Amino acid sequence: MSNLTLIVCLLVVMAMAYQLGMVRSRKVATINPVQRMHSRPQHYGMMVALWAVLPAFFILVIWNLLAPDVIAALVQQSLPPEIQSQDAQAVAVTLRRIANLAANFGIVAEAADWELAAAAYMQQLQHSSGLMLTALMAAIAAAGLTFSYFKIAPQRRARHQVERVVKAVLVICSTIAILTTIGIVLSMVTETLKFFSFIKPTDFFFGTTWNPRFSTTGATDQGSFGLLPLLSGTMMIAVIALLVAIPLGLMVAIYLAEYAPAKLRNTVKPVIEVLAGIPTIVYGFFALVTVGPFLSDLGQTLGLTIRATSALTAGVVMGIMIIPFISSLSDDIITQVPKALRDGSLGLGATKSETIRKVVLPAALPGIVGAVLLAASRAIGETMIVVLAAGNAPALTANPFEAVSTVTVTIVNQLTGDNDFASPQSLVAFALGLTLFVITLLLNIIALVIVRKYREQYE
Amino acid sequence: MSNDKLQTATVTSADINDIKLQESLAATAAQPVKITARDVKVFYGDNQAIHGIDLDVYQNEVVAFIGPSGCGKSTFLRCLNRMNDTIDICRVTGEIKLDDRNIYDPTLDVVQLRAQVGMVFQKPNPFPKSIYENIAYGPKLHGLAEKKSDLDDIVESSLRRAGLWNEVKDRLNQPGTGLSGGQQQRLCIARTIAVSPEVILMDEPCSALDPIATSIIEELIDELKQNFTIVIVTHNMQQAARVSDRTAFFHLGNLIEIGATNELFTNPKQKRTEDYITGRYG
């Protein structure tokens, strides 16, 4: 039976066990009128259901983890001795051919007789493995069900057992989330270390030229992998974005929090938050088609040379994108400033705007800084807008009207196309990714620390 | 409508007593009237919180407002410097005069009014700034000090008058929020004094303080009386008896009785006042 069928069967068993447990607990309750049942019937039902299903499910998981290896080992032993004596890689290739045969995928070239025999053996092993698993699971499920079914008694603390299982499930889920993060970081670190075996870290972190020659172009040397032009492009665009977003976002936040009537605030705030929900690729072509040419024309009338795809274009559009991050968070923070402080200031004869400037904003400042840092880390990690609108020219320049490139864009460039994943040209993407990750992580940590410190102030 | 009239009628009948009392008091105090309130009504949306109050406050006296929770004493207090303006749904009718000038006159600048009528709140609310900046805030706003040395003088004298100078003179640059509750409240009083108001409104200034801090504030109120007119709302009847010259008893948005403090507590004219001060309700 396939795993899916087995899981469906388990669910059916679970439902039945639940009913059985409920019915049984009610019966036990009527038999023992003196002693009150510890838990409610649902808990006994759930306890029986969990006993019936969980052990069997673990068997299913473990079996699926171990069985392929065991089968492969058995098949390998059955192979002719001259094949077995080959080196490990050749054996692995052979086993893969056999597995493909057994799965009826077919293989390259004619299958040898011994290969067909091994494939048949493998099929047979897989079949019996499935049967054994089904039998084992059925037995364990039945045992668990019976065991817990007859354990139902007034003093049995089913409620606590169910509670423990709930807690365990939650712990497992959060562990998965954390392990995934750690896994991503580890994989990036290993690939980055591989990259640093080609290129010296100092050349990477302090190099001022970015020119990774692709091996497909026939170049013999590896090219130069200087991070600085990319980092400066990233920072320039992020700074432009913040220059656009901070004043606008903050004004919006102040208006919404202090001046707007509640009705307007409740309508406008979600509308502004829609800005954060627009796919960034849409912003990208908005920048490319509308904002870029507009800025370029504007530059002409002012006598400036502004390229249509430039740091400025990408920065302005990205600034629009992150407005809601700043406005929404700052609005929440400004609203949290206690009314007592406002009253204190107004009571001394300050006007509303004086109160906001001199009391409310300073009090909310740490939180606002936190909001800005979160927006900044968003801006630094943003890709699609920059891919389309920044011009993709990895040059070290201080002129925002020129085309630049960023870390994220370069990662896209290095990983798209026909690549050899063992070459520094591809591996550099991981080094860049890790650098970016560390920068945004630091910004996030700083932001969180600031926001938390701010919270303590009023609690 | 008829109900409304009835209430007005009861208030007027109570007022007849008051006027007599006030006359006798005015004669003894011989102080000019500082604040005059006539037929003040306050509405929160459709809810009427105050049903027409007439009341006079004399210069350099301490008037205490007492009454059970929700009786409108804080609401009325907040009318006196138009702090109720900050609440959108709040509407005030009637007439309140400060030195013969109607404070609800549209031509009157509310900023000026609040500089003249300062307020101390229930919970100490120092700004999250340094002690010095807390005091200097108001004078800076109103341009009371030209030079830094003038400002320093204002800060020092305000803190001295609030009895806080000796405790904080060595740490003026530390945050005001780091002081103890009682010190914070005196800081707020000093902050209010710093803009040299004529009237100080205090909204249960001691309700968040311990008994020792409370007694310090009460002594302070006694001293401040020399220079300021003080209106204090309090839940604590002993406090009203200790600090005030006259006491007003509020109930359900009406002013039930106002009179010299010792007289009101020993010999209340109204049954409801007597019930309240003897602890029958509230």
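Yeah, the Cβs are placed from backbone N, Cα and C, and that goes for glycine too.
Curation does not apply to TrEMBL; its annotations are automatic.
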Feature transmembrane segment in TrEMBL, mapped to one of the ranges A:74-96, A:304-326: A:304-326
Stretch in A:44-66, A:165-189, A:271-292, A:304-326, A:359-380 most in contact with the transmembrane segment (A:235-259), if contact is a CB pair under 8 A: A:304-326
Folded-back contacts onto the transmembrane segment (A:359-380), same chain, C-beta under 8 angstroms, at least six residues removed: 234-235, 237-238, 241-242, 245-246, 249-250, 254, 258, 318, 322, 325-326, 329-330, 333-334, 336-337, 341-342, 344-345, 350, 407, 436, 439-440, 443-444, 446-448, 450-451, 453-454, 457
